[in-house]
Amino acid sequence: MNTVSDKIILGIESSCDETGVGIVRLGSTGEITLLADQVASSVDQHARFGGVVPEVASRAHLEAMVPTMDRALDEAGISLSNVDAIAVTCGPGLAGALLVGVSAAKAYAAALDVPLYGVNHLAGHVAADTLQHGALPSECLALLVSGGHTQLLKVEDLAGKITEIGSTIDDAAGEAYDKVARIIGLPYPGGPPIDKAAKQGDPNAIKFPRGLTGPRDPKFDFSFSGLKTAVARWVEGQEADGKPIPVDDVCASFQESVADVLTAKAVRAATELGIGTLVISGGVAANSRLSGLARERCAQAGIELRVPRPRLCTDNGAMIAALGAHLVAAGVRPSSLELPTDPGLPVDTVYV
Ligand code: KG4
Ligand code: ZN
């Protein structure tokens, strides 16, 4: 039941290949309740290219936006006239894809005469966790692992204070999954099939490198392109010798390297910075070995671990609605209707 002071926030996401519309209710004491989370994905249209094709994604957003909106309103059991604010991803992401979501959000905000909040997709991934586990502590570390990003973030305030303390210097973790899947003949996106195959494989079968873990390497930065090349060379070597590719072992050994490096660096960062909570989000957070190893290592180090359910980890509109609700609760000034998109929006700019 809505009270007079409750607010309904609608979130729109279109930065990559998922058109997401989410709806949350912001209660008078700041609690945020998820009312709807509808996603239309164009992933199947990109599969044969082995990665997201920007023009195809933009066209798919255009076609999916209104039907996804209608499904979200239906799921929440509300009409547009109940919406009190609109939040939208304005960056980072694909330029054309972002434009579709931002244009739609402006149109809805203008037509409904409600405030518009242009928000950062990466901060949205962190906000997703609050939908499942409640408010974040005053300080936490976030490990953001997706197809486009791999970052360690210090989050002091979701409504404004997010600082990057490390990031990948080449491929993102999800990108490495997608490229390795292509090398060994598994479908795109590579994360889910590699995760599944790895369960049957031996993680110690092949010793793949651990990127940027030498004594003089940057402590909190990541590198996955050497790992991807090592997998390619190893597979080529097998083929040259006329030997079969043990797909399950390759997957398990590759996955072990990714999970080992991500969790070791995240736990080390939390420990050195004296931060007691680690949040892992983004598409790769759905990985079973990453969450399993993070659980073990966080328990050993006395760190609380929060990993939202897979549906909230991958791109969705609910996380954008949640971030919008945090901004409304914090009394942040809304964006102008001239809100620009910014494909390279830095993570410390939580709203525009
Ligand atoms: O966050 P997301 O949905 O979109 C981006 O913003 O990129 O992440 C997509 C990425 C893809 O690279 C996909 O292969 C990876 O997340 N992914 C996984 C798993 N599920 C999705 N990676 C490893 N294990 C998984 N179970
Ligand atoms: Zn994402």
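Along the chain as shown, residues are numbered 1 onward.
Including glycine, each Cβ sits where the backbone N, Cα and C put it.
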TrEMBL annotation, Fe cation site containing H121, H125 - matching residue among D315, D348: D315
Listed co-binder of substrate (same site as L144, V145, S146, G147, G148, G191, D195, N287, source TrEMBL) among D129, D157, D178: D178
Of H121, L144, S146, G148, D315 (the binding-site residues), the residue whose Cβ has the fewest other Cβ atoms within 10 Å: G148
G191 (substrate binding site) versus binding-site residues H121, H125, D315 - nearest by Cα: D315
Candidates H121, H125, D315, namely the binding-site residues, that fall within 10 Å of L144 (substrate binding site) by Cα distance: H125
